[in-house]
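**Q** Among the features that TrEMBL reports, compositional bias 'Low complexity' is placed at 586-595. Taken from TrEMBL, the feature domain 'RRM' applies to 7-84, 92-170, 637-712. What TrEMBL records for 556-628 is region 'Disordered'.
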Amino acid sequence: MDEKEEHDYYFGNLPKAASEDELRRFLEEYGDITRFEFRLAKCTYCPTKIAYIVFSKAIDRDVLEELNKKTFQEKRLFVCSTKMEKFFTPLLSIVVRYLNEHISEEDLYKHFSTIGAVECVQKPAHNYAYVSFMDNSSVRSAFEMKKSLKGIEPYIVAVRRKISMFLEHRKPMPYASLKEKCDKLELIYNPAAENENTNLTNDEIYEKCSEYGLVEYIQRTDAVNYNTIVRLDSEKAARKVTYIKTIAGEDVVIRFYTSKMYMAPTFASRVVEKSVPPKRSRKESMLLHISDIEERRLLTMLPTIDNAGYINPNPQFYRNEVQVWNHAPRQGLVEFRDFLKKYGTVINLRELKEHSTSPIGVTYLSFETKLEARRVCKLNHSFMCSRRLLILMADQCIRHDPKLCVKVSNLTEEITDEDVHDRFSMIGDVRLMQAVEAEMIKSKNFTTLSMGDQFNLVRGIINQCMSYSVFLSMTGDEKIRHLISGSSDFRQIGTFTLFTYPEQLKMLSTIENYYRSTCPPGSLPAPASDEPSRTPDINNMVVLTQDSKDAITHRTNAESNPTALANSMDLDDDDIPPAPSPPPISFRSRSNSPIAGNVAKGKTASRKRSSKNSTPAQGPKAKLAKKTNEETWVDKPYVYVSNLPKSFSQQFVHSMFSKYGTIQHISEPQSGDPHSTTYVLKFETMHQARMAQDLNLMMVQGKLIRVEICKRPHKSRPGRTITVVCTGIYSEVAIFETFKSCGKISFIRTIEKPEGEVCQIDFEDKESATAALKITYLHNGNRCKATPHELSSPH
């Protein structure tokens, strides 16, 4: 036995390109190799491969330690005997996550060697690695490290269980004979087992035991008592097998194996251990199964509300629609039909995007019946092309609960949806995850840069914004010339010039917008006024006349051309034709629109009212007309929209509020604030006017817009109203952003007083007002004081 003894060793962290001859030449000084086997050579998930090498003689411990310090093709080896398997333990190991393919094991070894002796570094995949230390104090120091590694700050978590350092164990070797197997497993060999003859075969025993768990191996040891050893993968499966009484019609006795003497008689009664009764065990397993089904069902049920803005462009071709989010790009009708063929037939597809180049969009799928559509909605959290789908009915939208939702921003293109899902799954169950598009640097040249070069380039431009105040007031062309001139401290000129001129302008604009959003309002110089665009905007219309060959641009609005607004909104979906194609719709109809008549009438009426108001009121008829006018405002669905930016046109306001109903009339009364614009909208019904109040106190270009029903002043309620005074520059926006964290704000206004401005805030409930009284600082750093508002008693 000693002469034939072999010494098996595990070699880890081998390069993928390493060949067997190269490794044999590298190890020839350590002894004769009798058997060699590469593993994980074709695995695309693991960046390295391993090898099991059998030597004729054992390697000394000192030589083994020296071998673990050597590198083979720039890879530090990890060598261990298979008889002494090592583990990553919670006491001495950590997990380093969110890595990339540019960070190797040697980089991690040098990074963590500064805090303590490292025993082993193993990178099973590109995005994470295990590090094992010699001392527990090094583990505590690793959690306190703030040092970056190749431009990335490693995210370190604890190891919660024993993890083998062997990426893959050796497969069991086939034995040539029963005697060889008994020798290897240290079992007693009985020659009678070679010529056994029984009606109960090993295949029958294997099939029966496989119903309760995975059978690792099975071997009959004698032909007298027909003793057969069966090893299962878990103790739970072995315990279930002990309840078997018959196999293939023959009575059997099964007991736990507790010794190496397989020849012990088996006619003794079966061992009865203290365990859960079978009836109760079946009941518990049934309840656990029901619980798992309920959890999966609750996971697919999303918190939704009715989407009032949902519009079906053509009910004849698009019906019973569901909306699908987070799917992979370039997924068409054929791919969705093949994926959902078990649940229903997809008859049509349309895709909506914010703009044509947007990478994120929503796909609407049409089905034959409503039942098929609802059945497909139960496929939430299912995977299609490695993407976790989010599916709901087309006329529904997700209700985001502020208490249960978080917003994750500043993500890069390298971070996938599953990375975010896995990260937050460590905290709790993720109910849903929806990706929305944010402004970022989107350039093929930018994404090909390493993360370190990306960081240095953005930081260099930010430093220019901070160091040179004149830089922010330059035009885009002047900024590019300033950066590449060499007169500034900008050191990334070589990287910056890799981009094209439009990409450079887009990058500078994006970084400047981000930098301005992080600074207090008014603390930075105003941006440079860019040259006017040569292409007409939305509010311009090009008219070709017969007298002139050139195009004359006229300013239009909802009063002069109301059909242009509807056409601009309808054209968003025109690039996705239905299948089969519906009848063509003309977007340039010459017929008169009833809306134009109403607008014209409203315009004429407003002129008449202005001319009437210019003359002094005479007699009781004028008072009666004034009273009738006020009653008209109260009875009809008029909405007063104030504090809008000056750049907002009637067309833009129409597009904002048209999702709540039909707007019959838009007028622009004179605003008391020279820095804002005011509009009065007339809806078709009073319900639509109330729905439009959802946009009240919405932030638009740094302003809080007010939306309220005309001639219906707000009435403050006791216990829900507070007044806020603050130091420094008064900012209503800063006060709103600070106090909205206490609860929903229904009304806010600024009151001019001799001692300064005072902000009055009304909350929806008393608890929010009570919590707001404890705030002493605004988000911009200024001090503030909130006191209960005393309502004037009626006389």
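Cβ from N, Cα, C; glycine included.
Please go over these features one by one and say how buried each is and what sits next to it.
**A** Confidence across the domain 'RRM' (92-170), taken as the mean pLDDT and rounded to a whole number, stands at 88.
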**Q** Please count the residues of the domain 'RRM' (637-712) that DSSP assigns to helix (H, G, I), strand (E, B) and coil.
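**A** Residue counts for the domain 'RRM' (637-712) by secondary structure: 21 helix, 27 strand, 28 coil.
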**Q** What is the number of residues in the domain 'RRM' (7-84) that are helix, strand and coil, as DSSP sees it?
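**A** Counting residues by DSSP class gives 18 helix, 28 strand, 32 coil.
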**Q** Going by DSSP assignments with H, G and I as helix and E and B as strand, what are the residue counts for the domain 'RRM' (92-170)?
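**A** Helix, strand and coil residues of the domain 'RRM' (92-170) number 16 helix, 27 strand, 36 coil.
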